[in-house]
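Written out below as structure tokens is the structure these notes cover.
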Amino acid sequence: MELFLEELREFIGRSHPIFVHLPIGMLVVAFCMALFGRQEKYQSIQPAIPFVLLLGSIAAFVAAITGYLLSLRGGYDVKILGFHQWLGIAVAVISIFLYRLYRVAATEGRVKRYRFAVFSVLMLLVGVTGHFGGTLTHGAGYFTDALPTAVKDFLGYKVADVELAPIENVQEALVYEAIVAPILKQRCQSCHGERKKEGGLALHSKEAILTGGDGGKVLLAGKMTESELYARLVLPEGHEGRMPPKGRTPISGDQIKLIGWWIAQGASFSGKVSTMQQPAEMKQVLANLEKGKAAELTMEYAELPEAPTLPEDLVKSLQARGIKVLPVAANSNYVVINAINYPEFSAKDMTDLLHIKEHIVQLKLGKTAIKDQDLASMTKMPYLRKLHLEHTKISDEGLKQLKSSPSLAYINLFATNISDAGLDYLAEIKSLKKVYAYQTKITPVGIEGLRKSHVEAYVDSGKYQLPFLVSDTIQY
Amino acid sequence: MKNMDKLFKELERQQLQAVTRRHFLKDCVAGIGSIALGSFLASCGGNTMGGGDAFDLNALNPLIPRAPHFPGKAKSVIYLHMAGAPSQLELFDYKPTLHKLHNQPCPESLLAGKTFAFIRGVPKMLGPQATFKQYGQSGAWISDHLPHFSQVADDVSFLKAIHTDQFNHGPAQLFMHTGSARLGRPSIGSWVTYGLGSENSNLPGFVVLTSGGKTPDAGKSVWGSGFLPSVYQGVQCRSKGDPVLYIADPEGMGRDLKKQAIDAINEVNKEEYNTYKDPETLSRIAQYEMAYKMQVAVPEVMDISSEPEYIHELYGTQPGQESFANNCLLARKLVEQGVRFVQLFDWGWDSHGTDSSTSIDLGFRNKCREIDRPMTALLMDLKQRGLLEETLVVWGGEFGRTPMQENRDNSDMPFLGRDHHTDAYTIWMAGGGVKPGITYGETDEIGFTGVSGRASVHDVHATMLHLLGFDHEKFTYDFQGRPFRLTDVEGNLISAVV
């Protein structure tokens, strides 16, 4: 019987969020009636005010009672709960008092003004009570977090950063402080934190984690699968007990692995990452933390200074010709020039390209009519790294023009007329790393010559062949 | 005359009816409803490339090249899909222990809770039906079934513990190509073409070539565009006959006349688009224009007979055939011409051992011979042309094969075969920013399941997108009220190979 009552109590308590909106609505309506009823035009609604007020106060009492039953379940921030509870009770009491005022003294002027002032205070209380109620359910900052960024900036409100920052040196980092705690903060603490302790569990401090929740300990050091802290994360999707619950931001696969690994390694609150055993897979996951999202930063062209804005008219004019001007990335002003649909590429086009010489990192001019003398302009492009001249009339004379290229690293000369003499010119380009010279007149001697100054350079003269093997013809 | 008047009156009324209805709808959109409807419509067909420039619907051509999130190393992709799933245990995943266990019954513990397509009861273990050696500086294990391929071992990176969750061909192929085992998602080629557009305005951005006599089990959805505008779906080209059906003009239709006709149709379509803003109208316009340009460009690029003899010798190609070798050569030609994504399907890898053609020691070896030289040649040819560093080549099946011998319906089989296996299989990647010579992931002693470096199909997709310059978590398309990703809500970058 006792159990039944307890369960009933819990059941009724859970209806609090439903009932709580009734008094708010009714009291607001009554207030509006009182406000407008003061005008002659709406005088006729005045007699209805006490009735609506009465309904509102009854609802307020129901809400207060269900709210109290819900609070017995525990798991809420005691301080906020106290405010909410007493304010709620105050709302109920004041509203019934107000009902008496509206009921009895309908005519006297002094009471009229005084009762309206009380009503205004009641409205204020309803608002504040509601706010604390919302904080209990959704956690602090529920609304402010969702404000449009522009408004936040205007109000000078700082956004709590939930994105995990990359770790500088993961092996030297403290495993709990730098890895585990931020994950718990990001994914768990809005329900299992200082303010709200769903199931009695809080995960905001070492003590709280070790204490566990209503169901006992959640962390058994060294026993990954037996620790609820991990086991709950890997329950099948749709399972009732899976954490984070449906509708919340899910925890990532890597984060689950990290928590599991931390527990399996003894759940140390003070150890360094380097002191723990790291299977190959975990090494990978840990390394990801270091680079993480910051991996983009190590991408190509990241070390170049920010390029100036591209001249729009010129880009349009080039595009209209069929010369493609392609930014290397969405937020970059560095471009790849591709003349794949513009074989008639000429000296004039080259002059135009010089207007964006600081933007060009790659020139794809294969199969175009580009001539030797046009190459001289390319040395004026400070960041030009890749140059495609395959299937063109370029000869050694042209490569001579390229000698002073500041950053050229890749040159494709496949199916051109160049020879060893051309490679000698290329040898003067310090930044050069790769030369593709399939179907040209270069010889191994020339390649050796280039290697003298460019030990690491890759020169590909192609002509790959696959030997004919007996097994090529065997039919099984 | 009176009748004539009546007729005019009726016409007028009809027109008015039409006009008022349109006006009403327009007013709805322009009025109060515009805010709600606007955002609703945007979520129906809108798009977010995350941090990238929003796809501008007014830039009439949906195939213009676009920039990725960050500078990608790979600019194009050649995806070699071995439909039917080749056995990793006869090609790359060397398991000497399995050899010792040959013909012994499979321990029950391995079978508990597992589902197989055909294996019933307790099957016997099947030792590797190939001999293995290590090749190159990287010491990658490659079997004697691929004597040519072993020469390029150092250019390739192997992912040896890929796992999937689908054990039937159709769903598994869909999963491998669209990130979902169910129909309706865009294929990876469509995603990539949607994200990057096409660099060559005269060729489609996404081309599909098939060989092996059959198309994939999952049908053409494996190169479909799903909820993306249909202009991004793969264009299937044939290596025999007209590369694209009806590509030649009919008799009496001149090139100029055709151009005029297409211009007129596009003019009408542009008006239609300005009125209704349906992205499919843009697709239509783009497809007309593309078709016109393709009439010249496609037959040219699809003609391998003009290639020199030594190239034919390298690839083992014979013009006019439908073969994997021809498709490899075509893939190189297409990528050379700026095609973004080339998808190859080679059918015939389903080595169950039901007859000699699907036997692991007979038919399987024929399949190996058919791909060995061409795929090696492809890598070499891309390399000597300076294309490999910007071209990502991916090879793999839709799942792996069991270390056990198949015992269909719990009976002995006349030939050696292996059943479908989802827990571990090997794929390789090369070029396009992939670190060469890496072997990532390891399976247990018998190759049953991955013990380290396990990676899912989503992880493979995340890695491919990363190489192309996309953060797979931000590369989304809004459909039915939520942003969709190729990797859905999963996928981790396999950073060991990038």
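Cβ coordinates are placed from backbone N, Cα and C, and glycine is handled just like the others.
Annotated features in TrEMBL:
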DOMAIN    A:16-139  domain 'DUF2231'
DOMAIN    A:188-247  domain 'Cytochrome C Planctomycete-type'
TRANSMEM  A:18-36  transmembrane segment
TRANSMEM  A:48-71  transmembrane segment
TRANSMEM  A:83-102  transmembrane segment
TRANSMEM  A:114-134  transmembrane segment
Looking only at the domain 'Cytochrome C Planctomycete-type' (A:188-247), what is the model's average confidence as pLDDT? 85
Contact set of the transmembrane segment (A:18-36) with the rest of its chain, CB cutoff 8 A exclusive, min separation 6+ beyond the ends, reads 42, 45-46, 48-49, 52-53, 55-57, 59-60, 62-63, 66-67, 91-92, 95, 102, 116, 119-120, 122-123, 126, 130, 133
Per DSSP, what is the helix/strand/coil residue tally across the domain 'DUF2231' (A:16-139)? 110 helix, 0 strand, 14 coil
How many helix, strand and coil residues does the domain 'Cytochrome C Planctomycete-type' (A:188-247) contain under DSSP? 16 helix, 4 strand, 40 coil
Near the transmembrane segment (A:114-134), which same-chain residues lie under 8 Å Cβ to Cβ, leaving out any that are not at least 6 residues past its ends? 20, 23-24, 27-28, 30-31, 34, 38, 67, 80, 83-84, 87-88, 90-91, 94-95, 97-98, 101-102, 105, 142-143
